[in-house]
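**Student:** What TrEMBL records for 152-171, 178-201, 207-226, 238-255, 261-282, 354-371, 391-411, 416-433, 453-479 is transmembrane segment. Taken from TrEMBL, the feature domain 'STAS' covers 503-626.
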Amino acid sequence: MGNTDFERVHSVAIPPPQPFSKSLKNNLKETFFPDDPLRQFKNQPPARRFILGLQYVFPILEWGRKYSLDFFKADLIAGITIASLAIPQGISYAKLANLPPILGLYSSFVPPLVYAVMGSSRDLAVGTVAVGSLLTASMLSDVVNVNENPTLYLHLAFTATLFAGLLEATLGIFRLGFIVDFLSHATIVGFMGGAATVVSLQQLKGILGLSHFTHATDVIAVMRSIFSQTHKWRWESAVLGCCFLFYLLLARYISKKRPNLFWISATAPLTSVILGTLLVYLTRAEKHGVQVIGQLKKGINPPSIMDLEFDSRYLTTVIKTGIVTGIISLAEGIAVGRSFAMFKNYHIDGNKEMIAFGMMNIVGSFTSSYLTTGPFSRSAVNFNAGCKTAVSNIVMALAVMITLLFLTPLFHHTPLVVLSSIIIAAMLGLIDYEAAIHLWQVDKFDFVVCMSAYLGVVFADIEIGLILAVGLSVLRVLLFVARPRTFVLGNIPETRIYRSVDQYPNTNNVPGILILEINAPIYFANASYLRERICRWIDDEEDKIKLSGKTSLQYVILDMSAVGNIDTSGISMLEEVKKIIDRRGIKLALANPGGEVMKKLNKSKFIETIGQEWIFLTVGEAVGACNYMLHTCKTNLASSDELKKYSSSV
C-alpha cells in the first residue's frame, strides 16, 4: 500500500487476569473434555442426573425406550446375516491365533452382548479380527510354544485380552483417546496391508495341506517354509482351496458391483463351510490328506477367570501383547464406527466406545473369549443388511449360542483349507492399494509412513513395522512443532489484506517493511529455529534491497495470528530478535497476538520492552503505522514518541 494514512481504531487487549485454579480448570477441560460430556447434567434435579448417568454408561437404556417392531424386524435380518459370517470367520481367526477353533465362537457370543448394552454405534458388529489374531499368535509364540504347552498358551491369551480391555477402558474413563490418534491414517493403511499380506501368505499352509510351518511372520521365513516342503504339498487341498477362494472372491465382486446383492458375499463363507464339510464327509477326503477341524466342544462359554496367568516369567510379554493388540483393535473399531455413523448422520462418543470395547474384552477374558473389536467386514455386512440398532449384535450372539449348544458337531468334517480360503479372501480386502496411491498423490511423507509400515511388517516383524510407522508419524509431529512454517506476506492490490507471496504471486511488497507470518505456537522446541529463520528472512530481504537499490529495510512486522501460545523460551527468542534487529537500525512490530500470548508477554514485561504502541490488531494497521512513520519522520529510525503522539491524537 502506498498511502500514508494511518488510523488506529483498536489496540490489542490484554486478557484480564484469572485465578490459577480457574485457569487450570479451563485448561484441563479443553484437554480432556473438548466435547463437554457433562453438559446434559446441567440444571437437572438429582433423580434426573442419576438416570442420565445410567444412560450415558448404558446407552441401551436411552434408545431402548424408543425401540419398535419395525426396528426389530430389520435388526433380526441383519443379526442372522452377520451370524452367517461370524461363525466361519470366528473359527478361522481362532485358528490364525493358534487357539482352539471353539474360542472363535465363544468370542462371538459374550462380547457382542456386552457391546450391545454399552456401545454407542448402531452399525458396529462385534467379533474377532485377523490382525488382532495374528498379533496375539506372533507375540505370545515368543515365550510359549503352542504345540508343547497349549494350555499355558491359552491362559496367556486370556490374560492378554484382560490387559487389552483394561487399557481400552482406562483410556476411555480418563479420556485419553487422543493417544490412539498417533496411529495416523497412513500408518493404519500400511500396517493393515502388511498384516493382510503376511496373513494371506501364512494361509498357504492350509491351502497346500502342510502340517509343519514356521511361526515367524516375515515374508522371507514364510516363503522359505513353503518352498522347503514342496514334496509335502497336497494337490487335493490346493485344488479345493483355489476353488473356494475363487468362489469367495467372485461373491465379493458381485456384491460390490450390485450392493443390493450384499447377502451373496455375506453368506459366502458359511456356504463354503457347508459345501466343504459335505464334500469332505461324502468323499472321505480326510483319509486322503485333507485336514479337518475335528471335534468341537458343545456348550456355551465356560468361565476362565481362574485361568488367567500372572506368572512373572510371562507377565511382561502378556502386558505388551495386551497393549499392542488393544490399541490396534481400538483404532480399527473406532474408525469403523465413525465411518458408518457418518453415513447415517449420527454421532458416536469415542471415549464411550473405548469403555465399551474395554468392558467387552474384560468380560470376554473371564468367559473364554479372546480379543474382539468391530471388524470392518462384519460391520459393513451389518450396515448393508439394514440394521437399526445394536440389537443386531444380540441376535447374532443368540444365533452363535444356538450353534454352540446344538450345532458344533456338524463342523467336525469342515476342512481347514476352507478356513484358509475364508481368511485369504477377507485379507485381500484389507490391502487398500487405492488409498496408498491417494497418499502418494496428496502427501509424499504420508506415503513414506504407509510404505514403512507395510515393508516393516512384511519383511521384518509386525511389531517392528508398527514401531517404525508410529515412530515416523511422531517424528513428523515433532517436525511440525520444531520446524514451523514462516512466510513473507505481501499486499493484495487494492485491499488492506496481506497474504503469503508464495500463495499469491500478484501481491505487492511494501517498501521498507518486511512482513513475516509465524504459523505455529512458539515453544522451546522451535524458538532457536524461529530466531535463525527470522534473521535469515531479514538478511535475504536486505540483500534484495541492495541489488535493487530500493528503500532500506526499516521495519519488521511479525504476524502472530497463528501463534496460539508461547512459553518462556519463545519470549526469550522475541527479546533476542528485538535486540538483533535494533542493532541493525530496524524496528520490530507485532500484529494480532492472541490472548494467551498477550497475557504472557505482559507478565514477562516484554510489552514494556517493545512498547504497547508497537503491537497492532491487524497487519494492515501495523503497515499503516510503519508507512506513516516512514513518510513523516526525518530520521531513519522511527521513534516510539512520534508514534505515541500520533496514536493518541487519532
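From the backbone N, Cα and C atoms, a Cβ is placed for every residue, glycine too.
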**Student:** Taking the transmembrane segment (261-282) as reference, which of 152-171, 178-201, 207-226, 391-411 has the most Cβ pairs under 8 angstroms?
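**Tutor:** Most Cβ pairs under 8 Å with the transmembrane segment (261-282) come from 391-411.
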**Student:** For the transmembrane segment (178-201), which recorded stretch in the set 152-171, 207-226, 238-255, 391-411, 453-479 gives the largest number of Cβ pairs separated by under 8 Å?
**Tutor:** 453-479
**Student:** Could you tell me the mean pLDDT over the domain 'STAS' (503-626), as a whole number?
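**Tutor:** Its mean pLDDT is 92.
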**Student:** Which numbers of helix, strand and coil residues does DSSP report for the domain 'STAS' (503-626)?
**Tutor:** 66 helix, 21 strand, 37 coil
**Student:** Taking 207-226, 238-255, 391-411, 416-433 as candidates, which has the most Cβ pairs under 8 Å with the transmembrane segment (453-479)?
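**Tutor:** By Cβ pairs under 8 Å, 207-226 leads among 207-226, 238-255, 391-411, 416-433.
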**Student:** With CB pairs under 8 Å as the measure, which of the listed stretches 207-226, 391-411, 416-433 comes out on top against the transmembrane segment (238-255)?
**Tutor:** 416-433
